[in-house]
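K.L.:
Okay, so Swiss-Prot annotates it like this:
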- A36, G37, H38, D56, F83, D104, Q111: S-adenosyl-L-methionine binding site (BINDING)
Amino acid sequence: MTTLSFHHVTVLMDEAVQGLNIRPGGIYVDCTLGGAGHSSLIASKLTEGGRLIAIDQDDWALDNARERLASYMDRVTLVKSNFRHIKDIVKDLGLSGVDGVLFDLGVSSPQLDEGERGFSYNADAPLDMRMDQQAPLSAYDIINEWDEEEIAKIIWLYGEEKFSRRIARQIVQQRKKQPIQTTGELVELIKEGIPAAARRTGPHPAKRTFQAIRIAVNDELDAFKEAVVDAIEVLNPEGRVSVITFHSLEDRICKQIYQDFSKGCTCPPAFPICTCGNKAVVKVITRKPILPSEEELEANKRARSAKLRVAEKL
């Protein structure tokens, strides 16, 4: 993919950046640079005294950002890394804290649409799915080396696919004959594992399984949990974290972390004084998630599952 072909429609862009309550001289972190939509908007709101740190582990995204953010590079620092390292990144840059952190957990459209990366079930390509091309674990490794129980487990947990065991069985039976090399081969095996009646309704039959394998390859959920907790830790008082999720697993994690960090005293009401010592760390700004507008949904069908949650450091 060339830099110019990296075209990605950013979801909930205005709402997520508004949620950060940008101050022109503040320090902000975009943990998911992607197509640089959010980063471009944040950078445009900063003065020369402000700073944006934009993180991505995908070389394509970073190359694209160097062009898209060229006029703002006096206030932008690009970092190739996984966002789970946000605390170390902030520390290594000599910063004591930041004023806002943004996460957009959607996979960039170019990654989905370009078959060569192995993310898409609509194109035949080598099984890969690595966001970081230097990472050791690929989709090929999972599909051809993990045991049947492990494969079924991740498809169930990360894809919420009720036919996970049948799909895992098809995969293991086929790889006994020869290795499964491509996404096209995997799609056919997934279809064979799902009853015909179930294949005729709902989304593409491979959607949930591909999501599950991608999450496992990139350790997305554990990385996200670590990153949100650490993002809250590095926030300055009144700093905000904006999180856009695209499926229920991510949204539940975000909601639970916000709830846990917003809890104050947990002593029984009858206690005359607090003995637990618990203090709220954040206040939740969005009691209910912000959803895309009808106009955005009409323009971008991939926005339909997006949810935005915002919290503020106390």
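Cβ atoms are placed via backbone N, Cα and C, with glycine included.
These figures come from a predicted structure and were not determined experimentally.
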K.L.:
Based on DSSP, name the secondary structure state of F83 (S-adenosyl-L-methionine binding site): helix, strand or coil.
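P.N.:
DSSP assigns F83 (S-adenosyl-L-methionine binding site) to helix.
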K.L.:
A36 (S-adenosyl-L-methionine binding site) has how many other Cβ neighbours within 10 Å of its own Cβ?
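P.N.:
A36 (S-adenosyl-L-methionine binding site) is surrounded by 28 other Cβ atoms within 10 Å.
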K.L.:
Taking the Cβ of D56 (S-adenosyl-L-methionine binding site) as the centre, count every other Cβ atom within 10 Å, in any protein chain shown.
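P.N.:
Other Cβ atoms found within 10 Å: 27.
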K.L.:
For A36 (S-adenosyl-L-methionine binding site), what is the secondary structure state per DSSP, taken as helix, strand or coil?
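P.N.:
Going by the DSSP assignment, A36 (S-adenosyl-L-methionine binding site) belongs to neither helix nor strand, so it counts as coil.
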K.L.:
Which of the three DSSP states, helix, strand or coil, fits D56 (S-adenosyl-L-methionine binding site)?
P.N.:
strand
